[in-house]
Amino acid sequence: MGGNYRWRQLHSSCPIQTINFRSAKPRNSYPSKKTLTSQSNKKLQNSSTSDSDIVKWNIAITTHMRNGRCESALRVFNSMSRRSSVSYNAMISGYLKNHKFDLATDLFDKMPERDLFSWNVMLTGYVRNRDLTTARALFERMPERDIVSWNAMLSGYAQNGFIDEAREIFDKMPLKNGISWNGLLAAYVQNGRIEDAKKLFESKMDWMLVSWNCLMGGFVRKRRLVDARSVFDRMPVRDEVSWNTIITGYAQNGEMEEARRLFEESPIQDVFTWTAMVSGYVQNGKLGEARTIFDRMPEKNSVSWNAMIAGYVQCKRMDMARELFEAMPSRDASSWNTMITGYCQSGDIAHARNLFDNMPQRDSISWSAMIAGYSQNACSEEALHFFVEMQRDGERLNRSSFTCALSTCSNIAALELGKQLHCRLVKAGYQTGWFVGNALLAMYCKCGSIDEARDAFQEILEKDVVSWNTMIHGYARHGFGAEALIVFELMKTAGIRPDDATMVCFDLLF
């Protein structure tokens, strides 16, 4: 929240702040720096060109660029008998707006004279293009800097996770404004450095409302409700975001009585306030209270409907879930996916398939839900068929779809197909995560391919207790008792505490 506010404010000072930039091949269709300098000298002698003419040309350039007509803007620029710094800035800003980053850089380098706005536009371009090394070099070259320059550099570091570098810029700033303070505070919160955020917040008094909400939201995400409530109680003024954040915090932490008390006390109850209460009751298994709040809602959005439907699905009350689903005025992909998942988990694959076939638009979650449903209900052939069809449909394979397909291969000991899936998930970059890695490991163990299982185990970067147990079980099941004991010792050395499943593995050895 703090970050969005910061960029909106920065945009009001420098419009280019909100532009997205991409690289484009440079084109030398405008004059060289030497030619530009020569033309500049001639233009100074050309008294027939008035300032009003330059203004008209600059407006034309801006209009063409705003409509994506870069070639037309360049023709106007090249036809000008006299140019101002605004002319160059309009061209550079336009190139950046139209994702022609290299053209903007090339023209900037050939400018006869640059003003502060020119430097700031180019600096912001590098920042938005995530080229922070070049941005910093340009920043250091600037003959003068203003608050926009400093904030652009600070925001670049903050938004890309370089928090210490952002703090360095912040500390060096000769003058700070609200954007500077809010930018660093938001960076600390968004990167989980809540103690640094708290210390910064306590270093001054006159914070904006968005900053109070930002810090409180950070405490809520860390489940530090005492600190969050302290911030809430000290706020000089509160808005709907303030109330919704603290209510959501209590609801997510299971403290529904306090959440309800704040809900009733809140002077502003928008659709998000009501939905926070519905979601809170659902998450805490209190469907009756959730439905009471849901029915009282003066206005509902798709999140409200989906939260209530999800509550019924979690409690296996598919009849009530279907009733709400049918009553929804407008369904989104989440609505359909929740119902499909619910039917699959209830073993009613026929209903799940019927919903899937009637979906107006499917996503990767829809496909994965069906693959998981078939796999969990011992329909291995259908599960693998859906996996293949998912690829043919052009849907991107996600971790869930790979995991379900690998689980199916494990169930039917389809080692060769499992190896093919292994190759595909390596290309997708999923093999090192424990979620997919554990499924791959289990597949090789169940198929008796212990060497490949060991390799898959070693590729998992962050092993959890399931990873260790699966490898131990694989060795034990196939008669490699010594290796199982070695892995067990390594497990303890890694600081992973054995559980009941670990002990069950050793029953296979003795």
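The chain as shown is numbered from 1 upward.
Cβ from N, Cα, C; glycine included.
What TrEMBL records for this protein:
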type: COMPBIAS; residues: 29-49; note: compositional bias 'Polar residues'
type: REGION; residues: 24-49; note: region 'Disordered'
type: REPEAT; residues: 53-83; note: repeat 'PPR'
type: REPEAT; residues: 84-118; note: repeat 'PPR'
type: REPEAT; residues: 146-180; note: repeat 'PPR'
type: REPEAT; residues: 239-269; note: repeat 'PPR'
type: REPEAT; residues: 270-304; note: repeat 'PPR'
type: REPEAT; residues: 332-366; note: repeat 'PPR'
type: REPEAT; residues: 464-498; note: repeat 'PPR'
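With helix defined as DSSP H, G or I and strand as E or B, the repeat 'PPR' (146-180) counts 26 helix, 0 strand, 9 coil. Same-chain residues lying 6+ beyond the ends of the repeat 'PPR' (270-304) with a Cβ under 8 Å from its Cβ atoms: 240, 243-244, 247-248, 250-252, 254, 256, 259-260, 263, 310-312, 314-315, 317, 328, 330-332, 334-335. Here the repeat 'PPR' (146-180) returns a mean pLDDT of 94 for the predicted model. Taking Cβ pairs closer than 8 Å, the repeat 'PPR' (332-366) reaches residues 302, 305-306, 309-310, 312-313, 316, 318, 321-322, 325, 372-374, 376-377, 379, 390, 393, 395-398, 400-401 in its own chain, all 6 or more past its ends. Per-class residue totals from DSSP over the repeat 'PPR' (464-498), listed helix then strand then coil: 26 helix, 0 strand, 9 coil.
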